[in-house]
Amino acid sequence: MPAYATNMRLKFPIVALVLEIVTIILFAVFVVYDDGKHHGHSEYTNGTHHTANPMELYPMFQDVHVMIFIGFGFLMTFLKRYGFSSVGFNLLLAAFGLQWGLLMQGLWHMHDGKIKISILEMINADFSTATVLISFGAVLGKTSPVQLLIMTILEITIFSINEHLVVNVLKAHDVGASMIIHAYGAYFGLAVARVLYRPGLRNGHENDGSVYHSDLFAMIGTVFLWMFWPSFNSAIADQGYTQLTAVINTYLSLAACVMSAYAISSLVEHKGKLDMVHIQNATLAGGVAVGTCADMNIGPFGAMLIGFVAGIISTLGFKFLSPILASSLGIQDTCGVHNLHGMPGILGGLAGIVSVALGKAEKHQSAAPTALCPFFLLFSGSPAMQAAALASSLGFALIGGAVTGFIMKLPFWGQPPDQNCFDDSIYWEVPEEEDENEESLAHADHSKNKAEA
Amino acid sequence: MPAYATNMRLKFPIVALVLEIVTIILFAVFVVYDDGKHHGHSEYTNGTHHTANPMELYPMFQDVHVMIFIGFGFLMTFLKRYGFSSVGFNLLLAAFGLQWGLLMQGLWHMHDGKIKISILEMINADFSTATVLISFGAVLGKTSPVQLLIMTILEITIFSINEHLVVNVLKAHDVGASMIIHAYGAYFGLAVARVLYRPGLRNGHENDGSVYHSDLFAMIGTVFLWMFWPSFNSAIADQGYTQLTAVINTYLSLAACVMSAYAISSLVEHKGKLDMVHIQNATLAGGVAVGTCADMNIGPFGAMLIGFVAGIISTLGFKFLSPILASSLGIQDTCGVHNLHGMPGILGGLAGIVSVALGKAEKHQSAAPTALCPFFLLFSGSPAMQAAALASSLGFALIGGAVTGFIMKLPFWGQPPDQNCFDDSIYWEVPEEEDENEESLAHADHSKNKAEA
Amino acid sequence: MPAYATNMRLKFPIVALVLEIVTIILFAVFVVYDDGKHHGHSEYTNGTHHTANPMELYPMFQDVHVMIFIGFGFLMTFLKRYGFSSVGFNLLLAAFGLQWGLLMQGLWHMHDGKIKISILEMINADFSTATVLISFGAVLGKTSPVQLLIMTILEITIFSINEHLVVNVLKAHDVGASMIIHAYGAYFGLAVARVLYRPGLRNGHENDGSVYHSDLFAMIGTVFLWMFWPSFNSAIADQGYTQLTAVINTYLSLAACVMSAYAISSLVEHKGKLDMVHIQNATLAGGVAVGTCADMNIGPFGAMLIGFVAGIISTLGFKFLSPILASSLGIQDTCGVHNLHGMPGILGGLAGIVSVALGKAEKHQSAAPTALCPFFLLFSGSPAMQAAALASSLGFALIGGAVTGFIMKLPFWGQPPDQNCFDDSIYWEVPEEEDENEESLAHADHSKNKAEA
């Protein structure tokens with residue numbers, strides 16, 4: 001362990017500093033402020049409103065920002081001794097990821113060799129980090145910050161390729177990103193988790209669980225995600241009534257999802273009790289599942305049906321599928337991202353195929369966030385393209401995740417040994433507990449000993 | 001207890017699933033997206049601005065949304081062992097309530113047999129859930145989720161009747177809903193609490209109190225409510241300078257209220273110490289009390305006076321009135337909603353009567369959220385109508401709450417026995433405590449035993 | 001101690017009530033709602049857009065509001081037994097401070113003898129409280145609420161003088177207030193802390209540290225500050241692309257700052273571990289440091305460079321400089337505001353001098369929040385004026401803070417004795433701990449005894 005810790009002292013700072021310096025240099029070469037002068041014939045004119053005010057999307061951006069940093073960060077604090085890492089590494093990965101995402105996504109949309117940043121690009125950059133934070137949930141507690149930074153670079157790079165393919169080549173609809181963020185992020189993370197499989201954790205780990213107040217911290221994340229999900233699904237929708245449709249569909253899908261998640265949680269649990277893991281996660285599945293067709297004319301009840309089904313599938317997944325994945329397939333999915341993002345993401349993709357086939361997207365045609373030209377309408381709107389988008393997202397996720405997993409598995413990235421998993425004290429100075437102060441004779445240095453063991 | 005728990009396993013899921021399926025069917029029949037085509041001669045033209053952008057109110061909506069889900073939810077986490085239920089049932093009731101509220105409120109404003117949803121309707125739906133969450137505070141810790149779902153249906157249904165009467169028939173002003181939400185929600189909840197009176201809790205309950213960190217969680221709720229209250233009171237005000245007036249009045253009333261609440265808390269408490277219960281609640285009374293006349297020309301100092309008085313009344317209520325209500329009238333008001341919403345709500349109603357009598361509403365005439373026609377101006381603005389609105393709100397609350405209480409008292413809704421009150425473990429899987437892990441020999445299974453007792 | 005506590009019972013309520021009543025009277029005499037009628041030739045026409053909608057800045061205001069009340073409040077909850085005071089006194093001081101700030105700032109901009117309030121004035125009032133909350137961090141745990149109210153009055157009064165001098169006389173740029181809020185607030189607080197030096201705390205205090213969950217509460221503050229800082233730095237910028245520039249610069253500076261803060265924290269800490277104090281604070285230094293030139297054309301990479309350097313300086317300050325300040329200069333800076341606001345604020349001032357010298361401000365000329373006339377352009381834009389603004393801010397801070405400190409040191413404001421520092425129980429009714437309930441024989445009344453010792 002001391003050898004490990006010493007390595008961290010140099011490895012992590014060097015990796016982080018070098019990455020940031022390289023990023024700053026790339027920004028110096030490529031990135032400029034948007035001055036509003038290239039929008040004449042670009043994607044923005046597809047919308048029903050030309051954005052005269054460059055700050056118009058800023059409140060939407062801030063909602064998404066809160067989801068990324070508070071939502072994802074606190075959702076993962078449910079573990080009893082991994083809260084520092086959950087919210088802290090979440091901040092680290094998202095802060096680096098948004099810079100990397102600006103570059104990777106911007107490469108596909110250069111103007112005179114420059115990447116122009118406006119609020120829309122900042123929203124998309126935040127979105128790109130969401131894929132990493134979802135995958136982080138799958139490997140939570142079992143990876144070093146160096147490994148996670150590597151995952152961030154690779155996952156966002158591959159994401160931006162798949163996004164370009166889905167949105168600009170296939171011209172598929174995915175306004176709320178059920179496929180290109182949620183399904184992609186989940187299966188990418190599951191592939192990484194599979195490669196990093198730890199037989200030593202097969203029988204669980206004493207720190208792989210919650211305490212009372214850690215579950216309450218996690219609810220901060222849950223509720224902020226739940227509240228602002230309508231912004232996530234509508235931020236890049238066409239402005240005006242299309243955006244309103246995306247807000248309403250997401251709002252209603254989430255409300256219906258809460259009801260089914262609570263009902264099924266009580267139904268399947270011991271003596272009808274509710275399980276915090278389900279409430280923290282499955283209540284959000286409606287937001288994931290309605291993403292692809294959020295801006296389509298599926299009707300309020302259609303959105304509610306999608307949310308209702310998503311809540312059921314997600315809760316059942318936590319109860320019955322996750323244990324099987326862990327025991328039979330060697331996929332140890334710490335946060336159950338398969339149940340919150342994976343299956344609901346696929347459900348969203350399937351709902352999108354059906355909705356497009358039924359013509360629900362026709363009146364809201366220009367939903368794609370980065371469509372490049374007015375020819376868009378000629379090619380989009382095909383169920384086959386939607387299916388191809390789903391397949392592409394899953395394919396990039398599984399292959400990209402597996403490759404990334406093997407790179408992360410290289411033995412010099414400081415991966416923690418099994419006994420130090422799910423424990424902040426391997427990466428953080430952790431304060432002594434109140435209890436220990438008071439019971440100093442009995443086991444005063446418990447956590448210190450553990451940390452330095 | 002096992003019998004009870006077994007019942008929950010079936011009752012709660014069935015009730016929740018049936019309610020949601022019925023709701024989805026009703027939405028399929030009645031609810032459509034707002035397409036902006038029916039506003040020509042509707043209420044919106046009373047305002048100073050015609051809303052061209054259907055998303056204009058969305059940031060206001062999100063502020064209200066945060067108040068409902070984070071604000072109310074975390075405010076009630078002050079109890080040491082009831083945090084899961086506080087924030088969790090808050091989410092459940094609000095998620096169902098907003099769907100029910102959309103239906104009940106929409107029934108009064110149908111267009112061609114359809115309820116049209118826009119951001120304004122979503123704000124009003126969130127508002128309707130606030131009544132339930134206020135009442136939830138009065139019975140916190142003493143009711144099952146099935147009972148609470150029943151209360152949600154009945155309270156929102158009755159609320160929408162009273163709201164229609166106050167706003168469209170009486171044409172009374174209540175932009176921030178001091179009367180129709182706060183006073184209504186509080187006295188409805190107090191009536192329910194009276195009917196559900198538990199003699200066994202007369203001498204308190206060991207779990208009816210806070211611990212250090214539960215009080216900090218509650219402050220998350222307090223501060224978010226405090227910050228966003230200007231949005232609550234101005235969300236449905238006429239846009240432009242009237243809305244600005246509502247924001248300024250609420251902002252200043254709350255600021256003055258903080259000062260008086262702190263001062264009085266210190267004055268009446270043991271050795272001049274501040275009491276967290278007062279700080280968590282009475283600091284918000286200024287937002288409640290300024291609600292009715294928030295959009296009126298009462299002057300910044302008028303708003304501050306209202307807030308100042310509200311902070312005093314509310315704090316004194318917690319200190320002196322609540323114990324009397326419990327001991328003499330059998331009203332066990334867990335969160336003290338009488339002090340935060342009841343008395344300040346009445347104060348707001350009275351301030352509204354005085355303000356209208358003084359002509360303060362004249363320059364801000366079209367404050368009512370759902371006024372139906374231009375004839376509005378002929379009838380509104382009368383102090384008598386304001387008084388009638390207050391009386392109506394209290395009457396519907398007390399009678400509706402009493403009836404609802406008797407229905408909730410029926411013996412098959414899974415109401416918890418006295419000894420399991422204020423304890424999450426009767427409805428939730430609760431993790432073992434950290435302490436218990438470490439002190440495993442002494443009392444390892446303390447909470448388990450308690451839960452399954 | 002009983003004598004002390006008895007004094008508090010009268011002193012604090014009387015001071016708070018008198019202050020609030022005087023404030024309400026001043027508001028009655030001087031303050032009116034903005035009716036939009038005096039903007040014809042005022043500062044607003046300097047901007048690129050005339051604000052037709054008086055609510056346009058409201059979402060920005062709410063972001064700043066969250067930073068003030070949640071951000072600063074929870075950031076200081078890291079102490080194990082001082083969370084009630086941190087978030088509670090933060091609410092008290094900010095609620096009073098914004099009223100006082102409206103008066104003090106408004107005095108310089110009267111129209112016909114009246115102070116007109118709109119959203120812009122509310123943002124500036126919130127800003128004025130930030131100076132107090134920063135200084136509060138320097139003396140956290142060592143001052144009574146009466147002392148803090150006195151500090152609030154004096155610090156905001158002096159702030160408004162310096163702000164007027166910097167913005168309207170020197171015509172300096174400081175859109176994000178690196179100098180007039182952050183450096184000013186920090187050095188003001190440090191001067192107060194120096195005067196209130198406590199030799200008895202030289203060897204630390206058992207409560208001057210965190211526990212696991214108090215560090216997580218503090219992260220709520222950190223992350224909300226981090227997310228909404230772009231609003232802080234852009235709220236009063238010229239609307240349109242200038243405001244967008246301020247948002248982008250702050251967003252990128254903060255992202256780069258996270259990377260350098262994490263890297264340096266790991267580099268300087270024991271065995272490469274991260275230190276929560278650094279993560280909670282130094283990750284925000286990029287927001288402070290980019291403030292002065294946030295709305296200038298420094299380029300995205302320029303903003304990142306500033307943030308990168310700020311993260312390094314801030315972390316090194318916590319590690320190496322703070323202990324020296326405490327031991328050699330007698331400056332006991334509880335929260336390390338010198339590292340988060342002081343040095344990064346000066347860095348921001350220096351960056352502003354350089355940027356103005358390089359002509360980066362030319363295209364964004366009307367950045368000053370309260371410039372009074374079109375002659376602005378003739379005088380501003382000089383590096384010397386920027387330097388004078390920095391010197392003025394530091395001078396007012398050090399002298400004003402020292403004078404304020406001596407007034408606060410007067411022996412009748414209820415300053416806590418050394419042994420009661422960092423302990424809520426001297427000012428708050430603190431609930432018994434869960435542990436103590438369970439281990440009642442051993443040390444049931446531990447905290448009670450301590451509180452009443």
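Using N, Cα and C of the backbone, Cβ positions are placed for all residues, glycine too.
Nobody curates TrEMBL annotations by hand; they come from automatic prediction.
The transmembrane segment annotation in TrEMBL covers A:12-33, A:60-79, A:91-110, A:122-141, A:148-167, A:179-197, A:209-229, A:241-264, A:301-321, A:341-359, A:388-408. Annotation source TrEMBL lists domain 'Ammonium transporter AmtB-like' at A:23-424. Annotated region 'Disordered' per TrEMBL: A:432-453, in sequence order. Here TrEMBL flags A:440-453 as compositional bias 'Basic and acidic residues'.
The largest share of C-beta pairs under 8 angstroms with the transmembrane segment (A:148-167) comes from A:388-408, of the ranges A:60-79, A:122-141, A:341-359, A:388-408. Cβ atoms under 8 Å from those of the transmembrane segment (A:60-79) belong to residues 86-87, 90-91, 94, 119, 122-123, 126-127, 129-130, 133-134, 136-137, 140-141, 207-210, 214-215, 217-218, 220-222, 224-225, 228-229, 231-232, 234-235, 276-277, 280-281, 334-335, 422 of the same chain, restricted to positions at least 6 beyond its ends. Sequence-remote contacts of a segment are chain residues at least 6 beyond its ends whose Cβ falls under 8 Å from one of its Cβ atoms, and for the transmembrane segment (A:341-359) they are 134, 137, 172-174, 176, 178-179, 181-187, 190, 285-286, 288-293, 296, 298, 302, 306, 309-310, 313-314, 317, 381-383, 385-387, 389-390, 393-394. The list of residues near the transmembrane segment (A:91-110) in space but at least 6 beyond its ends in sequence, with Cβ under 8 angstroms from a Cβ of it, reads 16, 19-20, 23, 26-27, 30-31, 68-69, 72-73, 116-117, 121-122, 124-129, 132-133, 136, 145, 148-149, 152-153, 156-157, 159-160, 163-164, 168, 370, 372. Just going by CB pairs under 8 A, the stretch in A:179-197, A:241-264, A:388-408 that sits most against the transmembrane segment (A:209-229) is A:241-264.
Of the ranges A:122-141, A:241-264, A:388-408, the one with the most Cβ pairs under 8 Å to the transmembrane segment (A:179-197) is A:388-408. Taking the domain 'Ammonium transporter AmtB-like' (A:23-424) as a whole, pLDDT averages 92 in the prediction.
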